[in-house]
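First the structure, in the form of structure tokens, and then the observations on it.
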Amino acid sequence: MSGTELEEPGQIKRAVIDASAGAVAGAISRMVTSPLDVIKIRFQVQLEPTVSWALTKNESPVKPKYNGLFRTAKEIFREEGLSGFWRGNVPALLMVVPYTSIQFAVLHKVKSFAAGSSKAENHAQLSPYLSYISGALAGCAATVGSYPFDLLRTVLASQGEPKVYPNMRSAFMSIVQTRGIKGLYAGLSPTLIEIIPYAGLQFGTYDTFKRWSMVYNQRHRSSSSGSDNQNNSLSSFQLFLCGLAAGTISKLVCHPLDVVKKRFQVEGLQRDPKYGARVEINAYKNMFDALGQILRTEGWHGLYKGIVPSTIKAAPAGAVTFVAYELASDWFETNLT
């Protein structure tokens, strides 16, 4: 029997562990950060300014529905109740579970190929460049596999009250009837262009911070014990900090493309006039046209609408995802037979 045949069961088990741990991590992270995500989406699809200093420079007589993080949170709670902060959470979970499952499974497979080994300790020795590339490839695969749920989540989270679509099924049927199957993939191009640097930065930065922390632990424990202590494992708090930094950095760099993606996703969405101007169907020819139009009509601020709740969300989301993944992965590896 060949070595490859012997390794196959172990590879299948590893893939199941990575997918399961990724699903658990994604679901937990999504539930925790949903309120900030809803606020971020409301900002991103609003054509009017979302902060006071931008309002003073805008000549539009239309008063924006949402202005400022705390005011927006208060407005959503007043009109929609506590459940409004979890609007679109069902398709969000249906999106994030396969997304993180695919992402972590592909990430481990690519890292195993690059390192020539499936062992985590060998993955830790990969160069930062390979970590970035692995993260980018994993992010692309996960995006394509779960994108329709991402679009449905955005549509449901952005509609406000009164609801245009009472549930995910009605939103799905309306989009397919008016825009065809391709409507479920509106905004996929800027999403893929965004996810390459975003996922690459997220996983590459996370691995880099983990590597630095392990070196720090080894030096600190060696100096404390007076011997060359090889135990450089990271605590849950250190993993949390690494994920926090990775989530923040990647989100700050890639936010403008996320705004463009959201605009494509809500093209033609019917909403109550109190929410301001809507994004008309075919408002943007392509990603570059969207960037140019937003820049001309809304200024630089337009490309960073929702950056505050997005960054506040990205930091704990990244931290919770990575910590939950590491803990769930260890649990599955110990208990999965």
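Note that Cβ sites are derived from N, Cα and C of the backbone, with glycine treated the same way.
The annotation repeat 'Solcar' is assigned in TrEMBL to 13-113, 126-212, 234-331.
Counted with DSSP, the repeat 'Solcar' (126-212) comes out as 73 helix, 0 strand, 14 coil. On the 0 to 100 pLDDT scale, the repeat 'Solcar' (234-331) averages 82 in the predicted structure.
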